[in-house]
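**Q** For reference, TrEMBL lists these features for the protein:
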type	residues	note
SIGNAL	1-26	signal peptide
DOMAIN	134-216	domain 'Ig-like'
REGION	272-321	region 'Disordered'
COMPBIAS	272-288	compositional bias 'Basic and acidic residues'
COMPBIAS	301-312	compositional bias 'Basic and acidic residues'
Amino acid sequence: MVSGSCSKLIEAVVGLLLVLLGASHGVKTYCDGRKGGAQCFGLLGGTVLLRLMDNTSHIPKYKWKYNRSMILKNIRTHPSPYTLQSRYLFIPSNGTLSITNLSRSDSGEYTLETFDSDGRNSGTQTLQLTVKAPVSFAQMINECLSQGQMKVSCLSEGGDSPQYSWTLDGHILTDSELFSRNNDANVIVLRQNISGCLVCSARNQVSSFFKEIQISTCGFIFINCSMNGTQISKWVSKENNSLCVEPITSTSSGTPIIKIIMVEEEYVELEHADTRTSRRQEEQHGEIQEEYGQVKKKPRHSDVKLHLHKDGVYANVPKNP
């Protein structure tokens, strides 16, 4: 489930991707090869518009070829109709060749040859078309590792040569946040203290897709202390940590130091001496003396009963008669 903060970031990402996807995901892709040597990409099952000349009005003769096979030829003074495949449409007014329902077999080199009125070659333009399948996501998986890092996998379904990128709370992941990644960058490991809205984007030349997840830390803390002369600096599980924990102070006899706090009612609370609690003295209940855990009390009644409680130890002191 995505939290509210993550949802706002996703709305921004969606807006950006809609701009980037406008041409490829919207059925048609335009490729201008008039300068020659263009590298173009078409969406599998989509439509591509190939342009290799401005128009045909001043060109006496021209030929379109695909991998040396003739697609279209025309001689202005002596028209010679050429039957195009049903998926091809040539528009003379702007010199554009449209190919619909693209398949992988449409990938290859497209060449336009033009000739002058004497039949001499006046120019050649070529472009390279590659048809690719769009990327789409199957799922995004995250798991905590034994040392507290988080492994996140971004799994796509289909698509040719997807490239992956990651953002956290709207910015590109930094080295201080990223522990490692695999060669394809679709699996990353985050450091122990990282949390927020994580977005994985996958794209190729014809499409883009994204997936998001709200992540939290794996419950590890960083400790930096010295125990028995040994310096310890490491990430440990907060729940199971037993390192760098201050021991309970004890008296010379081994008895834990306790503190008695008088209250207005008839109860006296006993706590360890390291608990930071202000003491309210009630002179009418007795005198209290504390000295390094040695507690001396002179109650008006000697019948003092100790009671165990989940929050401490209590002494029941009878009221003055």
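Positions of Cβ are set from backbone N, Cα and C atoms, glycine also.
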**Q** Take the domain 'Ig-like' (134-216) and average the pLDDT across it for me.
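**A** Overall, the domain 'Ig-like' (134-216) comes to a mean pLDDT of 92.
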**Q** Quick check on the domain 'Ig-like' (134-216): DSSP residue counts for helix, strand, coil, in that order please.
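**A** Each residue of the domain 'Ig-like' (134-216) counted once, the result is 0 helix, 47 strand, 36 coil.
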